[in-house]
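Straight from Swiss-Prot, the features:
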{"type": "REGION", "residues": "358-379", "note": "region 'Disordered'"}
{"type": "MOTIF", "residues": "392-396", "note": "motif 'ER retention motif'"}
{"type": "TRANSMEM", "residues": "3-23", "note": "transmembrane segment"}
{"type": "TRANSMEM", "residues": "37-57", "note": "transmembrane segment"}
{"type": "TRANSMEM", "residues": "65-85", "note": "transmembrane segment"}
{"type": "TRANSMEM", "residues": "97-117", "note": "transmembrane segment"}
{"type": "TRANSMEM", "residues": "140-160", "note": "transmembrane segment"}
{"type": "TRANSMEM", "residues": "169-189", "note": "transmembrane segment"}
{"type": "TRANSMEM", "residues": "200-220", "note": "transmembrane segment"}
{"type": "TRANSMEM", "residues": "238-258", "note": "transmembrane segment"}
{"type": "TRANSMEM", "residues": "269-289", "note": "transmembrane segment"}
{"type": "TRANSMEM", "residues": "315-335", "note": "transmembrane segment"}
Amino acid sequence: MAAVGAGGSTAAPGPGAVSAGALEPGTASAAHRRLKYISLAVLVVQNASLILSIRYARTLPGDRFFATTAVVMAEVLKGLTCLLLLFAQKRGNVKHLVLFLHEAVLVQYVDTLKLAVPSLIYTLQNNLQYVAISNLPAATFQVTYQLKILTTALFSVLMLNRSLSRLQWASLLLLFTGVAIVQAQQAGGGGPRPLDQNPGAGLAAVVASCLSSGFAGVYFEKILKGSSGSVWLRNLQLGLFGTALGLVGLWWAEGTAVATRGFFFGYTPAVWGVVLNQAFGGLLVAVVVKYADNILKGFATSLSIVLSTVASIRLFGFHVDPLFALGAGLVIGAVYLYSLPRGAAKAIASASASASGPCVHQQPPGQPPPPQLSSHRGDLITEPFLPKLLTKVKGS
């Protein structure tokens with residue numbers, strides 16, 4: 001059943017209808033294309049700026065702020081932002097908002113409690129990022145942190161019964177190889193490093209952060225698929241748990257020091273920039289990625305690695321040697337290959353197979369030729385990245 005005015009209609013429309021039908025898709029396509037490029041720019045800047053800003057804030061001379069307080073402040077701001085967005089969705093009606101939150105958070109308390117697990121892991125992950133970036137160069141961290149793609153893929157296979165293509169498995173192996181080369185370069189020296197840096201602790205923090213990121217992302221995806229709550233509601237619930245759990249972690253790790261020196265000890269404009277980036281960055285990506293496909297996300301990650309490396313050379317005197325360039329290149333290539341939709345991945349695989357020699361493919365008699373992958377609905381099923389799922393849930 002085709003809708004009226006659908007592009008696939010076989011009826012011959014009148015001249016006016018043809019003109020309208022020809023103009024609207026073109027205008028929509030141009031607007032969508034612009035939004036895709038804006039999405040790419042935003043993703044690149046957000047991916048790179050968070051890492052660089054944390055590194056910059058943690059290496060500034062003077063009093064060093066407490067990382068646990070920054071994590072708590074980011075959760076508070078994120079929760080308040082989601083609350084304002086829900087308030088706007090209720091058209092500024094406080095009564096409707098209160099009734100909605102009472103029903104969604106308190107009455108349906110089972111769904112709320114389910115979010116305690118990913119919230120705990122996300123809070124731990126945010127604290128681990130500070131540990132890792134304080135002990136590793138920003139470019140090294142950015143490359144190594146791409147292991148989260150590997151952990152997310154593995155948890156998706158285990159928890160969601162997803163299947164990966166051969167090209168995706170090969171790209172994961174390529175990713176691991178590239179990260180190993182970068183870490184070998186880091187362990188081998190590569191110039192003097194500050195005395196307060198511990199690359200071993202930084203690597204352990206990155207690996208733990210990648211494991212927690214992969215598990216929490218897939219777990220959160222599973223929750224979103226099994227519930228009807230909006231993305232902003234779920235992020236508000238995450239923010240509530242994140243604030244509470246962050247305060248517990250603050251008290252346990254740095255409670256005495258914070259009580260003595262104050263919650264905002266060591267805060268500078270650079271630190272506030274980190275807090276705002278952490279608070280709004282994830283929400284911004286969740287919205288922006290609606291207009292970006294997985295290829296653009298792969299490009300964004302790859303470009304952010306390049307941007308982080310260039311900025312690290314400029315800001316922190318980072319030295320790029322051939323070993324780092326090789327490892328980073330492998331990671332960038334792996335990210336791009338993994339981000340390809342299944343149809344494109346199969347097309348690349350078939351193209352490489354035909355290029356390796358004469359391909360003798362005999363179609364069984366009586367069977368129709370295989371369908372074109374580019375028109376197959378399965379092309380829309382891409383790799384299990386959480387932001388893509390968020391947009392899918394939003395539109396459902």
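Any Cβ shown, glycine's included, is placed from N, Cα and C.
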Relative to the transmembrane segment (65-85), which of 140-160, 169-189, 200-220, 238-258, 315-335 accounts for the most Cβ pairs at distances under 8 Å? 238-258
Range from 97-117, 140-160, 169-189, 200-220, 315-335 with the greatest count of C-beta pairs under 8 A to the transmembrane segment (238-258): 97-117
Ranked first among 37-57, 140-160, 169-189, 315-335 for CB pairs under 8 angstroms with the transmembrane segment (200-220): 140-160
Best-packed against the transmembrane segment (169-189), counting Cβ pairs under 8 Å over 37-57, 97-117, 140-160, 315-335, is stretch 315-335
Under 8 angstroms, Cβ to Cβ: which one of 97-117, 140-160, 315-335 has the largest number of such pairs with the transmembrane segment (37-57)? 140-160
What average pLDDT does the predicted model assign to the motif 'ER retention motif' (392-396)? 40
Tertiary contacts of the transmembrane segment (140-160) (same chain, 6+ residues out, Cβ under 8 Å): 47-48, 51, 55, 132-133, 168, 172, 175-176, 178-179, 182-183, 186, 202-203, 206-207, 209-211, 213-215, 217-219, 221-222, 301, 304-305, 308-309, 324, 327-328, 331, 334-335, 338, 383-386
Is the transmembrane segment (315-335) packed against any residues at least 6 beyond its ends, judged by a Cβ distance under 8 Å, and which are they? 52, 55-56, 59, 137-140, 143, 146, 149, 171-172, 174-175, 177-182, 184-185, 188, 190-191, 298, 301-302, 305-306, 309
